Amino acid sequence: MSPNELTYLAILLGSAPLGFLFKNGSPQVKQRGSAAVGVALTLITCHIHSLHSAITILGTWLIIKILPRSCHFPTLGWTFTYLLFFRTITYFDIPAPTPFTNAVQLLLTLKLVSLANEVQDFYRAKKQEVTSFSKPSAISTIPSIPSLREMFYYSYCYIGLMTGPFYRYKTYYDWLHQIDPASIPSWKPLVSRLKPAPVFGVLFLIASQYFPLDYVKTDEFYEQAFLYRLFYMVPTFFIFRMRFYVAWIFAECGCISAAFGAYPVSAKSRSGGGPTVEYAPLERNAEGAKVELEYDYETIKNIDCYGADFCVKVKDGMRYWNMSVQWWLAQYIYKNSPVKSLVFGSAWTMLVSAYWHGIHPGYYMSFLTIPLCLAAEGSMEAGLRRHVSDSGKMIFDWVHWFLKMRAYDYMCMGFVLLTFTDTYRYWQSIYFSVHVLAISLFLLGRVLALKSPRRPRNTKEEKAEAKQENRLQE
């Protein structure tokens, strides 16, 4: 492991026990203490480059002060423009920021854009309250506009500061003002969530020794047989997954120990977004005694390891990976896509996601392969799967799962190789196999759809899939 990876690991390992110290604290202790820890971590790891995050916060605060009722898109433009300056800073003879500064800046960008949207929603709710004489739902609306100091507290809260998960200001506010946090379980959920992490960590260390990424950049690698080159992307993506599985599980444990993002199960919370229905934070029975509620941590869940590995479709794989960020992308980017189409909307979203990750060409080459895979999936679903028997659907789904994993293996190479030259060289050495296969399957699906008899639209299965699609995008 590199020194930076060891530093990340130390931060993650320290966040879990630290959470227990803050769990039962007063709102002031939680607010100021968590921010103090976050500021200390930022200064220690980012040094003078900590100014980048401070400037971004100040700029966002000014936008909210000047344009409180329409601050979402200006904030999106401001934070993403600053990201471009941040990534190209060396061209201005300014020292390059540390990797930790980049991590802070990435998460901060998401939080500030979300905060601006929450401010807009606050004013919209107030207007609705005045015009309709009805009180709007409070489950997702912030109670007041945060001051500059409160914005700094939220932005530098040590929870999720560098590794995620992303969370909204309302989630943070609810944590500060939790009712009876001592009754919210932390230890058992933490142990349960932590169980697979050691296995993933050992697998990561072992696989990294036998399949180093740097080997792909050598001439010797390209002298190997085609099948070996093709196979190498499988362990590369495996190593990539194990590393992030460990990091995100530990990051979630840091939230769980502090009871951060804990809501009653009845709230039907979603990763990133929080509760989706009205819920009672405290319930009493007929005798007036407090009813013990069942809680979950879905709001801060950032990875579904089983879902990511064993879901059938490429589009489902995205939902199970970096889940809080996927919610942010769906909520603030996909829904505002200039073209209302799954493929074009996904392409727009993936372009923004690539830009958010960085300016390395490998990001764009990888992310912009996803819409092609989605188009192939949709084409084969329409042209073949819906016309076969139940046993045929099962076979189709197993083949689909295998190809989905190979598609992610292929795209991962661009994500880790980063440069255009290295990514293109590797993809060329395996004859752009996934691109060729995706285009072929897209065309095949179209041909099969033309030859197959038309089925009545809106069958029960299609309605169920559409309902699930809408639910996941809300």
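Each Cβ is built from the backbone N, Cα and C atoms, and glycine gets one as well.
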Membrane_side_equal(LYS23, ASP296) from Swiss-Prot: yes
From ASN24, ASN322, the one Swiss-Prot labels N-linked glycosylation site: ASN322
Matching range for Swiss-Prot feature annotation, transmembrane segment, among 194-211, 410-427: 194-211
Cβ-Cβ neighbours of ASN322 (N-linked glycosylation site) (radius 10 Å): 22
DSSP residue counts for the topological domain 'Cytoplasmic' (212-230), split into helix, strand and coil: 13 helix, 0 strand, 6 coil
Counts of helix, strand and coil residues, the topological domain 'Cytoplasmic' (58-73), according to DSSP: 14 helix, 0 strand, 2 coil
Rounded mean pLDDT for the residues that make up the topological domain 'Cytoplasmic' (449-473): 59
